[in-house]
Structure formats: C-alpha cells, structure tokens
Amino acid sequence: MPQRGNWKNWFEFIFSCIGCLVGLGNIWRFPYLCYRNGGGAFLIPYFFFMVVCSLPMFLLEMSYAQYSNLGPGRVWICCPLFKGVWYGMIILTGIVSIYYNVIIAWTLYYLVMSFNSVLPWSTCDNYWNTVFCYHRSKVQVDVVNSSTFNASIEVGTGHYQNQFLVSPSNHSNEMHPTLFGGNGSNVTFMTHFKGKTSTEEFWEWKVLQLTPGIENIGIVRWELMLCLLVAWLAVFLSLIKGIKSSGKVMYVAATVPYVLLLVLLIRGATLPGAWDGFKYYIVPRWVELKSVTVWGDAAVQILYSTGIGWGGIATLASYNNFNNNIQRDALVLPIIDAVTSLFAGCVIFVNLGHMAYKTDVPIETVVSQGPGLAFMVYPEALSHLPIPQLWSVLFFLMLFTVGIDSQIVHVQTLTSALQDSFPKYMLKRTMSLTLVLCVTLFALGLGCVTQGGVYVLQIFDWYCASVSVMFLSLIECLVMAWVYGAKRLSNDIKMMIGKPIFPLWRIFWMFITPLTMVLVWGFNLASLKPVTYGNTAYPSWAIGIGWIVALVSCIPLPVGFLFQIKSVPGSFLQRMNVSVRPTAQWIPVKYKTIEVELDNIAHAFETEQMITTE
C-alpha cells in the first residue's frame, strides 16, 4: 500500500502552520476588536484565553495526529464511538472552503483594479456612482457637515443637477436632495437617504452590483467568476503534488505577508496623524475589562484565530516525523499568531489615523471590521497616500497571500481526509483528487459571486463559525481527555518527544479548557443574533437555512454514534466498551514503518523465490 509521506523538514511544517493560522481574520477582525474592547487592555483577556484554551487544544490536536500519521479522515480509530467529531470537522472545512475562496477572489479583483491610473474607488465620477456619493476630504467633509454641495448624474437621457441640503448637526450624512432638471424638463422630488463614500459605492455598485436582498440573487458577476477561477487555479497548482508542492509554496505564501505588512507599516508611520491612530488602537482603557463582552470577544477570537476545531492543524501535524517536538511547537505557533494580529492592527490603524487627519473626521467614524475594513475603509485610506496605486497593490497582494495559504490548508485537509479513508485508491491519485475537489468547490461557490452572492456568503460565515466549530472542539477535548485518556495522551507525547510533558497540560485538558470552552460557547450562543448584512435583514427562510448550515457539521456525531453501536456485536454495554477503545490499527507510526519495511522484505523475498522457481 502506498505511504502518505512526511514533510521534508521542520520548516515546511512550521510555515504551513503559520499559513493556516494567519488568515484574513488577523487583518480585519482582531484590530477592530482590540480597539473596541479597551485597546491594549484587550490583550490581557486575549492572552489569558490563549493560555487556558488555545495552547492546550493546539497540543492536543497535534499530538494524536503526529502519533498516528493520520488526519481527521481516519484518526477517529482512537475512539470509534466519536468518529462523527472528525467527520464534522471535515464537513465544516468543506463549507468554509466554498466561500473563503470567494473572499480571495474579491482581493484579486481589487488587486487588478489597483493598476488603473486613477483608483476607481477614489472618485465619484464613474458610471456606477449615484448622486449620494462623496469622497472624504477635508474640504468635502466640511461642506457636507455645514452647507450644500453640487453633484451631477445621468438620468435617462437628461442631465440633472442635484443640490443636497444637509443639516449641520447631521453626523450620519442623511441627505434631502431636491432634483431639478434642465433641457426643458422639470422633475422635483424629496427623499431621505444616507450618503455613501466613493469606496462604499465602488464595493456595492461596481464589485458586487448588490441586489436589495437575498430574495433577488441576480446573475453571476463574470469578472468575479474569473477571479474565483484564478484563485482555485492557484490552490490547485499549490497542491498538485500534495505536501511535496504545498510545503514549498508555503515558504513564500507565509512569509510575503510579513514583508508587505512591514512595508505598509513603515510608510504609514511616516505620515501625519499616524501616531494618533496608533494611540487610538493600543492605549489601554482599563475600565473596559469590567465588561463580560470584552472577555467573551477575546475568547472567541483566539479560538477561531488559532484554527482549533477545523481539522487543519491536525492534518498538518499528521505529516510530521514521529519524534518532532510538538510541545515546543504548541507553545510557539499560537504566540506567532497573536503577535501577527497585533502587528497587523498597527498597520491598519496608522493608516486610518492618517486618513482621519486628512479628512478631519474622528477616527471612530471610519473604523470597521470584516470586509468593510478590507474593501471599503482601508482602500479609502490608501487613496489619500502619494502614489496610491503602489500601496493598494501591496495591500491587496498581502491580503491575497494571507488568504491563499489558509485556503491551501483547507483543501489539503479535505484531500488528506479522503486519502486516509481510501488509501488504496486515493494515495496514488493526488493530482486527480485535488483537481476534482477544486472544480467541485469552484462550482459550489458560483452562488457567492452572483449579484446577491454576498448575502449567501454572509449566511455561511455567520452560522458556520458561531455554532459548530466550538461545539466540535469541546467534544474533541472531552473525548481525548476522558475517553481516550489524558494520561494515555501524555504517554503518547512522551514517546514522541523523549521526555515527560508538563503535568499542567493534563489539568488543562481534563478540567480548565473544557469548562472554559463551555462558558465561551454559551456566551457565543447567547450573543448570536439573526443574520444581517449591514442594515439588511434576512427573511425567516434564509435564517432557517443558516441554522441548517450551522447544524449540518454536527449531524455526523449522533449518526456516527448509532452506526458504530450497530456495527459491533454483543450487548449494548459490550458494544459501548468496544467502541470507546482504540482499534487494532491505532499504533504509533514508527511501528507502522517497521511493519511496512517487513512487508516490503517479505514481498521481495516472495518475488525472488518465484524467479528462482521459474
């Protein structure tokens, strides 16, 4: 039987893990949460939950995968009764893979648009702009806040002038336009509307061509479809030879973002207003630590950021050499992830500080999170820099590399799961398997590149991460600590690294970490609200689909439980007793290697005997 193989060296594993951990959330979610939840004070709960949750879970996931040389698709043989936990992780990763590459396609679109002589999101004189468009500058904002300003649009075949009467006390840019026309026509109406920046209109009316709601999905945006195709092509080429090719790609994909972030930080730090933005981001506001929400946000962010419960870390660790020091890796990698988030926040806020200085607006009025930060606020900040095209190219190239290496790990998790489940048929067909997966996921993602596709993507992202991933992580921790046994797991790690692990790890696995995760999961569910996109509410049927998405990765748990009990003979107690024990195939990978070598020797001997006989 063909073998899975291993990383060529330790650095391939480390860079792959960094690529998995450092994703788009580090760039567009952590900085916002840090600023909103007390600035530098937010780091106290953040690092607290890293110690009590992320570090123990990181070591736990890497240990059983490295010990067995198996990923989520087969590692369940350590406790067959709970095979559904790992199958749920695979389903969860598959769902995320569908829409994550759509976000990468958006970054590619912006990257291409950044090569225009004038950044298309920096002006209001494009064909997609409306009369309510404005570009933030010191002069325009003063006008919007105190007086009137003129804009022109094409309505049908007539050319109209609009005069927007804005109340000086109106800080939300709510406008009451009076439309009057020329060329013999005279049309007047009053409406109540919020002004949008040129970057907002570029995002909504040019990139997405946004429909009013999910009820109207619209047509496929062919430009985004092409970008999605390029993104999937990049993933396929990176995984064309499995870990042999992805390990080399990660050297570049995991390091380039740091270089680009450093360049953007140096440039931003030299601009007026940068220091104000940095202080706004990092200066501690200790009073915020009294809020339960701050601690809840910190716990949720660190658990999602370190990739616990998705299966990616376990997959990467399954290709390690048996004696790799995973205790060292489990301590180092989450810290790298946290420092990267903090570093990315500095890059974001020094440039937002400069934009606030240039436009003479409070920085809190422009801060956002998620796609709003990456595709509206930050591009607007870059448009205020000298040579804005250069900095836009660097920023979106950085986003692309940050996203693509995480997506590579997502797909690698799926391919490894299938190869572990069907090694006889799949291990020799890595390229074909990867191609089929990429084409399938590309086709499934086409719904997210329609004019209303962002509404679909929002449902996936809202419910997928909020419910299932933490539940699966909690069950995984309980199963490995109490069913497989924390002591047995500790002995497995001792066998791999050649020395006993810190006794505190077992206390974390058995008590502190699962209790903390129960509290965090409860907080997350209590704070979960029906999905929205901006101010757009979803119909009840769409919310129902969201809950189906949330629960579909949890369904394998009871199904796997029932299937396992049914497949074992004996009484119920006998079946339970057998089902919670590791199967005969659960052996250290080093013994498997010896077994394979003996099989090869036996096969060679049999072949020699046949030749001699003939």
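Here the Cβ of each residue, glycine as well, is placed from N, Cα and C on the backbone.
Annotations in TrEMBL come from automatic prediction, not curation.
According to TrEMBL, the protein has these features:
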TRANSMEM  12-31  transmembrane segment
BINDING   GLY19, VAL22, ASN26, SER305, ASP405, SER406  Na(+) binding site
TRANSMEM  43-64  transmembrane segment
TRANSMEM  85-112  transmembrane segment
DISULFID  CYS124-CYS133  disulfide bond
TRANSMEM  219-237  transmembrane segment
TRANSMEM  249-269  transmembrane segment
TRANSMEM  298-319  transmembrane segment
TRANSMEM  331-352  transmembrane segment
TRANSMEM  390-411  transmembrane segment
TRANSMEM  432-454  transmembrane segment
TRANSMEM  460-484  transmembrane segment
TRANSMEM  504-523  transmembrane segment
TRANSMEM  543-565  transmembrane segment
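Feature annotations (TrEMBL) mapped to structure.
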| residue | record | Cβ contacts under 8 Å, 6 or more apart |
| --- | --- | --- |
| GLY19 | Na(+) binding site | MET250, ALA253, ALA254, ASP405, SER406, ILE408, VAL409 |
| VAL22 | Na(+) binding site | ALA254, PRO257, ILE336, ASP337, THR340, VAL402, ASP405, SER406 |
| ASN26 | Na(+) binding site | SER305, ASP337, THR340, SER341, ALA344, VAL402 |
Which one, 12-31, 432-454, 543-565, has the most C-beta pairs under 8 Å toward the transmembrane segment (219-237)? 432-454
Quickly jot the same-chain residues contacting the transmembrane segment (432-454) by Cβ under 8 Å, restricted to those at least six beyond its ends, or write none. 94, 97-99, 101-102, 105, 208-211, 213-214, 216-221, 224-225, 228-229, 232-233, 235-236, 239-240, 242, 371, 411, 414-415, 418-419, 426, 533
Answer yes if the transmembrane segment (331-352) and the transmembrane segment (390-411) have at least three CB pairs under 8 Å among residue pairs 6 or more apart in sequence, and no otherwise. no
Go through 390-411, 504-523, 543-565 and flag the stretch with the largest number of C-beta pairs under 8 Å relative to the transmembrane segment (85-112). 390-411
For the transmembrane segment (543-565) against the transmembrane segment (460-484), do we get 3 or more Cβ-Cβ pairs below 8 Å once near-sequence pairs (under 6 apart) are dropped? yes
Can you see whether the transmembrane segment (390-411) and the transmembrane segment (460-484) are touching - at least 3 CB pairs under 8 angstroms, only pairs 6 or more apart in sequence? no
When the number of other CB atoms within 10 A of each residue's CB is tallied over all shown chains, which of the binding-site residues SER305, SER406 has the maximum? SER406
Interface-richest range of 12-31, 298-319, 460-484 toward the transmembrane segment (43-64), CB pairs under 8 Å: 298-319
Across every protein chain in view, the count of C-beta atoms other than its own within 10 A of the C-beta of ASP405 (Na(+) binding site) is 28
Which are the residues of the chain, GLY19, VAL22, ASN26, SER305, ASP405, SER406 excluded, whose CB is within 8 A of where the CB atoms of the Na(+) site average out, their centroid? ILE18, CYS20, LEU21, GLY23, LEU24, GLY25, ALA254, ASP337, THR340, VAL402
